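Undergrad: One structure is given below, represented as structure tokens, and several questions about it will come after.
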Amino acid sequence: MGAIDPAAETEAGKEEKRAEVEKEEKKVKDVEAPERKDGAPKGEKEVVVVAVDPTVQTHSDTAMASRLQTQRGMPPIHVVMQHGTGAPAMPVPVPVPVGSTPPQVPLSTLNSRNYTNKISLFLFLLHFAAAALGVCFFVYKAIEGAVEPHTHRSEKHKRLLQYWVPPIEAAVLLGIILAFSWQKAVRTWPEFMVYFILWASFGITMAAGVLLLCFSLPATAGLGVALILFSIGSGLYACWVTRRIAFTGKVFCQSMQPVSKFKGLNGPAYLMVGLGFFWMLLWCLAVIGALDFYYPPLTIIYLVLSLAWTAEVMRNVTNLTVSRVIALYYLRGMQCNTQFSFQRAISLNLGSACLGSLFLPSIEALRILARGLNLLEGEDEFMFSCAHCCLHVMESIFNYGNSWAFVHIAAYGKSFVAASISTWRQFQQQEMEELVDSDITSSVCFLTGVSSGALCVILSASMTFATYKHYTATVSLIAFFVGYLMTRIGMALPQACIACYYVCYAENPGSRLFDSTIPHRLERIRTGREPVAPTPRFPHRITRT
């Protein structure tokens, strides 16, 4: 047997490897450009960029590119000169996408002409028509009873008009002044006002409660105790959320910046507050006429519930108007017309405003209950079971109804439930659930209304006690109610701006219109450097200091 020459074997291996390399290079260089159709001269050189997309390469293409880069140092993107030779150009870097860009919503969706929640709209209009007829009728009955000759009924009505109506009308007037003042202060000094509102509500409600106790009347004593207990609770709440106040102040400051770019954005808020003012003036007179109607307690309860629902609808009409203007600015950079947005809010989206106004106060009350049970669930087995049952119910309710929904209702014309689901799903995609669930801006706006109500109580109760003290309790109760509602309507603008700030960031976090306030907060929460208190959705969060 003859031995094989090692030199010959080496030469054969080199020839085989050289042939393989030339074959692979030929595959790359044989890139033929399509036939020129623009009439260019045949001899003109054409540059063809060959890009290797790593997301669509097959296994064989990947292996071939890897071998070429190893053996000949060819980049994944290079230039091949047709009809000539030339040195390869420098590689062009391929940008790597950091995150997916949210899909652009067509303008037809932004300008949807469909009415939302038609059943709720019909029920509200039916109720409001009945309430308007009832108020007009009861105002007539109150005036008729006052002008009658000397009878027991006329004396009662005259006494009510003389001693009961003026303090309440003064409370309504003070309420509209406070509504404008709170909104102006929040827009001018947003960070300072967060601290001020939290602690002012504690002091003002405490003062109102002490004043009612000093009257030494059984009815006013009960109201005074209730206000003092609320004052203590609000003070404890202010201590509990101390670490969140600084971030809330930043959110107020950043979210209010776009307001100055839109002339007349305050117009709907001022209009709704003015309409609420005149409606409450008539409503106070209607209560007097309802006292002599059939079943006075049921009639007055209907009037009270009607006023609450109507005032909430007025507040959410302002909310929808501001939300559309600010949301389209964040999402599309559009300068939306305020008047057009207001027309949509009182027509196409009014049904969603009615449905949200009917259920959101109850949902917020249940949320407060869930927070309380969340703090008590570890005390004993019974409270543990009740807390878990309540928290599961709250979880289901929050998914289908939340205050963030008004942004998508205004921007995309969705129904209330669909908008609630879509906004929360976006929060989940951006992992913002803990951030928005621990948000205290809604609590700040609520305490603003409570502070105004307490100030109205101090004014009206003092006037009534000095003139006819037997009306002090009822006057104080109604004064608190109307003062609270008026301020809540005025505070709809800052609350809508804050909702747009969160929801629009969740939809397009890469927008240049947002600063690092939310990303920095999210990073601190995820890394455990920011202590976040447990909430109904996250009852078992571990708080780190």
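Just so you know, glycine gets a Cβ as well, placed from its N, Cα and C.
According to TrEMBL:
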- 11-43: compositional bias 'Basic and acidic residues' (COMPBIAS)
- 1-43: region 'Disordered' (REGION)
- 121-143: transmembrane segment (TRANSMEM)
- 163-180: transmembrane segment (TRANSMEM)
- 192-213: transmembrane segment (TRANSMEM)
- 219-240: transmembrane segment (TRANSMEM)
- 269-288: transmembrane segment (TRANSMEM)
- 294-314: transmembrane segment (TRANSMEM)
- 440-462: transmembrane segment (TRANSMEM)
- 468-486: transmembrane segment (TRANSMEM)
Undergrad: So, does the transmembrane segment (121-143) come close enough to the transmembrane segment (468-486) to give 3+ Cβ pairs below 8 Å, pairs being at least 6 apart in sequence?
TA: no
Undergrad: Where else in the chain does the transmembrane segment (192-213) make close Cβ contacts, counting only residues six or more beyond its ends and a cut-off under 8 Å?
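TA: For the transmembrane segment (192-213), the far contacts come to 185-186, 220-221, 223-228, 230-232, 234-235, 237-238, 241, 245, 248-249, 252, 444, 447-448, 450-451, 454-455, 457-458, 461-462, 472, 476.
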Undergrad: Take a look at 163-180, 294-314, 440-462 and tell me which one has the most Cβ pairs under 8 Å to the transmembrane segment (121-143).
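TA: It is 294-314 that shares the most Cβ pairs under 8 Å with the transmembrane segment (121-143).
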Undergrad: Within this structure, do the transmembrane segment (294-314) and the transmembrane segment (163-180) have 3 or more Cβ pairs under 8 angstroms, counting pairs 6 or more apart in sequence?
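TA: By the criterion, they do not touch.
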Undergrad: Where else in the chain does the transmembrane segment (440-462) make close Cβ contacts, counting only residues six or more beyond its ends and a cut-off under 8 Å?
TA: 167-168, 170-171, 174-175, 178-179, 182, 186, 194, 197-198, 200-201, 204-205, 207-208, 211-212, 215, 220, 227, 230, 234, 237, 241, 244-245, 248, 251-252, 364, 403, 472, 475-476, 479-488, 491, 494-495, 498
